[in-house]
Amino acid sequence: MSIQTGPSRFSSSDLPEEEQQVFMQLPNSQHAPSMARDTKGHGDGEATAPKVDETRPADQHDVAINASGHVQELERNFNLLSLAGVGLVVGNVWPAIGGSILVAIFNGGPPGVLYEFIAVSVCYWTVAASIAELASAIPSSAGVYHWASVTPGRRWGRVVGFFAGWWNYLAWILGAASMASIFGNTVVQMYALNHAGFEAKPWHVFIVYIIATWLACAIVCLANSTMPRINDFGVFAIVAGFLITVITVAVMPGRDGRPPHASSSFVWAEWTADIGYPNGFVFVAGMLNGAFSVGAVDATTHLAEEIPNPQRNVPIALGLQLSIGFITGFCYLVTIMYAINDYDALFESPYPIAEIYRQATGSAAGATGLLALVLICIGLTLIGLYITCGRTLWALARDGASPRPALLGHVSPRLGMPMWSTVLSAILVTVLGAIYVGSTTAFNAFVGSFILLSSSSYLAAILPNLLSGRKMVAYGPFHMRGWIGFAINGIACSYMLVWFVIYCFPFALPTDAQSMNYACLIWGGFTIFVGVWWLLGARKGYEGPTITGGAVIEAASHHHAA
């Protein structure tokens, strides 16, 4: 009996006799009990996971099978704090929402920015809770790809999981490209603030974009064992940067002859929208900016095989990510809205957050210092994004869902991480950067489809679970029982389905080639490409995740975080 795992092939006969007994009880083993999808339960939570003998000898703690059904190849370097750090750093809410605020200020002005952020955060809490529940049941680095292979059942799980995996991976690539462009724009605007008459060009941004991309990739590849410490520092940098920025921007207006704070009426009540849509639609469309900032809810799930007790720790880390992200993001937005004293100047600036900082501090030097804090946070985010991108592609490759699975599904013994999947991710981000030089409109169309692709991947896992009566998964420690689970899943799916359509509308009316929203076109192109690839050959060699049902029990791990 053997498990086919792409490049990582494992046979139970390779284990000592007592370890084979544990392996034989894992889900999807030929001798295991029926998988949870076959249990004839009576609704939510009735499925039961196969049990591992609790009295097994102590040396069975070296069994090298993890919850994905694969040989444990990655060291469990992360602990709960460092895992939460990955989520917080990759989410990077307050720097991300500041760097992309240009979209939001058109959709209602300051009140729109604030209320839209609250609304979209509430919606994403339901998405995150749904994802955390699945991560607690099946803690796999494959994340939504693995869950989407389970929740639709045997008949559809293979194809749905395949599409979900590639939607998810492509979303992360576009997220990395977006952060690299914000990094590049921040550096260029820091220079422009201090050099009057300087005219920024796309190639200026591209140079910084490339340097940041490959520096982040190199750090992830060459310093894998230090990633938990880097993410611990990332948490400190994001929290410290937030406090310094909020205090500075809150205190400096109105002092030493500078203009005073904006009025509370301006911040909370003066709705400003002149984009051709009714105010109600302006509000729901404006939630896109907040979605971009809080929508990276599955980042920590891709490190499930690098932390002890992931069934418990991944949901906690996800909750910490969203809680801290919302608090810092909302407080940051309120602070910078009160710092605006020349609203029209924001629309004339290519990078509005730089102008807000200049207005708040009254000097280019002060704005440059605050932008430097944003730059540090975004640089750390890029590192976290390459951790996520590399692990996501590696998880696809080891199941045979990618080209060259033996290469992309390989973990470097020397580096202790999936090097080639990480490097390929950086190459793809570099190609997107080249598009930026040719056309910023085309580049923005690509990165603008991040939410569409990520939402599609989440829906592929959550919606089938809801439609099947939540019977396909035997849940882990974090489980929303009874009607609560149905309600949370239902709200999450409704939000993603409805707003998927809304986010495809043009940004303003009347529209032209420059202002048109091409995100739906990019999503459609990627989906057609994946579909054609599936039909022409990918489906022939692809078997899907090895373990495809029930809550999986971590048989063991080689290494544990301190």
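Cβ atoms are placed via backbone N, Cα and C, with glycine included.
What TrEMBL lists as compositional bias 'Polar residues' is 1-14, 22-32. As annotated by TrEMBL, compositional bias 'Basic and acidic residues' applies to 37-58. The region 'Disordered' feature in TrEMBL is assigned to 1-58. Taken from TrEMBL, the feature transmembrane segment covers 80-105, 117-138, 159-183, 203-223, 235-255, 275-297, 318-340, 370-394, 415-437, 443-463, 483-509, 515-536.
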Proximity of the transmembrane segment (318-340) to the transmembrane segment (483-509), 3+ C-beta pairs under 8 angstroms: no
Highest-contact recorded stretch vs the transmembrane segment (159-183), from 235-255, 370-394, 483-509, CB pairs under 8 Å: 370-394
Long-range environment of the transmembrane segment (483-509) - Cβ separation under 8 angstroms, sequence gap at least 6: 44, 103, 106, 123, 126-127, 129-130, 133, 275-277, 281, 284-285, 287-288, 291, 451-452, 455-456, 458-459, 462-463, 465-466, 470, 515-517, 519-520
Which of 117-138, 235-255, 515-536 contacts the transmembrane segment (80-105) most, counting Cβ pairs under 8 Å: 235-255
Contact call for the transmembrane segment (275-297) and the transmembrane segment (443-463): at least 3 Cβ pairs under 8 Å, seq gap 6+: yes
Chain residues in Cβ proximity to the transmembrane segment (370-394) (below 8 Å; excluding those fewer than six residues from its ends, i.e. six or more beyond): 86, 89-90, 92, 94-96, 98-99, 141-143, 145, 165, 168-169, 172-173, 175-176, 179-180, 182-183, 186-187, 189-190, 193, 212-213, 216-217, 219-220, 227, 230-231, 233-234, 237-238, 241, 244-245, 248-249, 299, 302-303, 353-354, 357, 360-361, 402, 408-409, 411, 417-419, 421-422, 424-426
Candidates 117-138, 235-255, 415-437, 515-536; stretch with most C-beta pairs under 8 Å toward the transmembrane segment (203-223): 415-437
Sequence-remote partners of the transmembrane segment (117-138) [C-beta within less than 8 Å, at least six residues beyond its ends]: 67-68, 97, 104, 144, 146-147, 150-151, 283, 287, 289-291, 293-295, 297-298, 300-301, 304, 310-312, 314-315, 318-319, 322, 326, 329-330, 333, 458, 461-462, 465, 473-480, 485, 488-489, 491-492, 495-496, 499, 547, 550-552
